[in-house]
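Okay, so here's the structure we're looking at.
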Amino acid sequence: MKLILMVAFQAMSLISISTASLQYNFYGSSCPNAEQTISNVVYGLIDADPSMAPALLRLHFHDCFVMGCDASILLDPTKANGSPEKTAIPLRGYDAVNKIKAAVEAVCPGKVSCADILAFAARDSVTKSGGFVYPVPSGRRDGDVSSAFSVFSSIPSPFFDADELVQSFAAKGLTVDDLVALSGAHSIGTAHCSGPVSPATLGNQYFKNALAGRVLFTSDAALLAGRNDTAEKVRENAGDLTAWMARFAASMVKMGGIEVLTGARGEVRGFCNATNS
C-alpha cells in the first residue's frame, strides 16, 4: 500500500496540465461504479490470459498516437469505410474491450465512452502486471473517423533511430522523459528479449536489458546509442524502480490526453466497434 500511495503521489506531481480538459472522477455521479466494473473485468481477463495486459496497453497507445485518444482504433470496417485504423497493424484485445464495454453498459447504459474504457483498461493492466496504481482523468468522447492511412505516419517505427523517436513523440506533445519512461512497457509481452524474468511482470527490467544489450529492435538500442539524453534516462530508470513507476504513470496520463474529444464533441458509443449512426 505504501508503494502504491508513493507512486500515485509522485505521478500526480509530474502530470502536465495538458489533461486539463479531462477530469478526475468524471463518472462519480453518472456512473460511480464504472472504474471498479472495468477493473474487475480487466483483472479477470488478465488472470485468464496474462498476455492481455500488454495487448490492452498497446491498444491505448495506438489509439492515442493516431488521431488522438478517441477509440477510433476500435472501429470495424464498413461499406462507407473499408480501411479503418485496425486494418493497418494487427493488434489484440478487441474482444476484451467489447467484454468490458458490455459489463459497463449493463451497469450504466450510454454513459462511459470507449475512449475512457481504453484508458482505464490500460491503467488496470499496469496495476495487475506491475503492482502499482495511479489516478486516470476521464471525460473523453468517442470519434467517428478512423483511417488506416493515418497509422503509418503516426506510429513510431521499430526501426527508428533516437532522433526520429524523439521527433515522433514531440509531435504528440511528449518529451524525452515520456518517450523513455513509456518504453518500459516493453518489459511485458513476448516481442522483446526479457532475460531471466517473467514477461508478464511490468517493471524496469526493460532498461536493465537495454544496458546489457538484450533488445531486439533498432528503436530499443537507439535509446542508448543515439543520444546522451535518452541514454541517461535509460540509466536512471534502470536504477530506480519506484522513480520509473512514477514517471511511467505520469507519462501514461499525459499520453491519455492527446487530442481528446470532450464536451459536445464526439459521442458515447453503444458498441465500441461501431459508431452510433
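Backbone N, Cα and C define each Cβ position, glycine as well.
Owing to the predicted nature of the structure, the values given are computational and were not obtained by experimental measurement.
The Cβ of His62 (active site, proton acceptor) has 20 neighbouring Cβ atoms from other residues within 10 Å, across all protein chains displayed. Per TrEMBL, active site, proton acceptor is recorded for His62.
According to DSSP, Asp70 (Ca(2+) binding site) sits in a coil region rather than a helix or strand. A simple way to gauge crowding: the CB of Asp70 (Ca(2+) binding site) has 29 other CB atoms within 10 angstroms, across all the protein chains here. The Ca(2+) binding site annotation in TrEMBL covers Asp63, Val66, Gly68, Asp70, Ser72, Glu85.
As annotated by TrEMBL, substrate binding site applies to Pro156. In sequence order, Phe65, Glu164, Leu165, Ser168, Phe169, Ser219 constitute the residues six or more apart from Pro156 (substrate binding site) in its chain with CB-CB distances below 8 Å.
In the three-state DSSP scheme, His186 (heme b binding site) falls into the helix class. Annotation source TrEMBL lists heme b binding site at His186.
Per TrEMBL, the feature disulfide bond maps to Cys31-Cys108 (among others). Under the three-state DSSP scheme, Cys108 (disulfide bond) falls in the coil class.
Among the features that TrEMBL reports, disulfide bond is placed at Cys64-Cys69 (among others). Around Cys69 (disulfide bond), the same-chain residues six or more apart in sequence whose CB sits under 8 Å from its CB are His60, Asp63, Ala115, Leu118, Ala119, Arg140, Met255, Gly256, Gly257, Ile258, Glu259, Val260, listed in sequence order.
Under the heading disulfide bond, TrEMBL lists Cys114-Cys272 (among others). Neighbour list (Cys272 (disulfide bond), Cβ cut-off 8 Å, at least 6 residues apart, same chain): Ala71, Leu74, Val97, Asn98, Lys101, Cys114, Ile117, Asp142.
Per-residue pLDDT, averaged across the domain 'Plant heme peroxidase family profile' (21-276), gives 94. The annotation domain 'Plant heme peroxidase family profile' is assigned in TrEMBL to 21-276.
What TrEMBL records for 1-20 is signal peptide.
Contacts of Arg58 (site 'Transition state stabilizer') defined by a Cβ separation under 8 A and a same-chain sequence distance of 6+ are given as Leu91, Arg92, Gly93, Ala185, Gly189, in order along the sequence. Marked as site 'Transition state stabilizer' by TrEMBL: Arg58.
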Inside 10 Å of the Cβ of Asp63 (Ca(2+) binding site), count up the other Cβ atoms and send me the figure.
29
Out of the recorded positions His62, Val66, Gly68, Ser72, Glu85, give me the one sitting nearest to Cys108 (disulfide bond) by CA distance.
Ser72
Take the Cβ of Cys108 (disulfide bond) and count every other Cβ within 10 Å, whichever protein chain it belongs to.
15
Nearest recorded site to His62 (active site, proton acceptor) by CA-CA distance, among recorded positions Cys31, Asp70, His186
Asp70
With DSSP assignments reduced to helix, strand and coil, which class does Cys31 (disulfide bond) get?
coil
